[in-house]
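Taken from TrEMBL as is:
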- 1-22: signal peptide (SIGNAL)
- TYR219, TYR220: Fe cation binding site (BINDING)
Amino acid sequence: MKYLLCALSLILTLTLFSPAQAAELLVYSTKNASYLKPLFDQYSRETGNTVSYLVAPASTLIARLEAEGVNSQADLLLTTGAASLWLAAHKGLTAPVASTTLEDNIPGHLRSPDNHWFGFAKRTQTLIYNSASLNKAELQGYADLADKRWQGNLCLRTSQQPYTQSLVAMLINREGEQKTLAMLQGWVDNLAVRPFAEDAQIFPAMEQQICDVSIVNAYYFARYQHQHPDTPLKLFWADQDSSGVHVDITGAAVTAHAPHREQAIDLLEWLTTKPAQALYAGLSLEYPVNRQVYPVREVGRRGRFIEDPANLSASGANRERAIVLLQQAGYR
């Protein structure tokens, strides 16, 4: 009997404290596996929790969460752009998280005011110019690109891109609708060619001097510059004497019906820790949100910048109006 009790005690101890308690988390993500796998593999090594993921566009993932309802197996929604997270929260698909770790590690404007979503990396949209044909002293910011002196010299990406819509949504927050519409009309008047489908197409066009100035995602240019180290193209931080450069996030939210809520919160907090921030920054060439972590060298060498301090919830709240203004301006 004594041996039986000892054996039962050992079994109970193993049941309570063994790795069998580890969860298998499911993340719905707009980011592809090349960014997710190294990150989640490291988290699994540290915690024992495994992480699987489903990759699809944000609209698909949000529709899936709506259709699944209480039966959803997703624990986290991870997207590029605050607007998608705002929309998911607006539809009741996310849950609030009270966490001092997240509050300490993430600046207030990069997370939702009601704690439904949190940025763990940030990207900037700023000006880019051809240094072979243009002096940076001629540059100022977004609104200045509507000036007639840029006529026939501006390249832009299409208005269909969420990045464009996010920028315009935050310009509405900053300038109001009337001024933003006038700005967009000025941009359209100054176009050298029809808007490009994506940022990657803008860089070679600028090198061919089809245009001398544009607005792009800085992390896309970092990748291009890595492959083309002799490019004459350079970034210019917009509006440094006023509202600051536009930023957006890669972020995540705990889903409303997460089967593993506590572990999902743990993963979300882990993403904002110094080691995880450094790892992801190296993979994506985005900026860490944790102020104690430096960006990778090829990103950090561009120097510090002043960023728009407005809360990114405005990018979601103003998105529909942004689309309307883009259409009214004839920005395709």
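Placement of Cβ uses the backbone N, Cα and C atoms for every residue, glycine included.
Neighbour list (TYR219 (Fe cation binding site), Cβ cut-off 8 Å, at least 6 residues apart, same chain): ARG123, THR124, SER284, LEU285, GLU286, VAL299. The Cβ of TYR220 (Fe cation binding site) lies under 8 Å from the Cβ of ASP199, ALA200, each of which sits 6+ residues away along the same chain.
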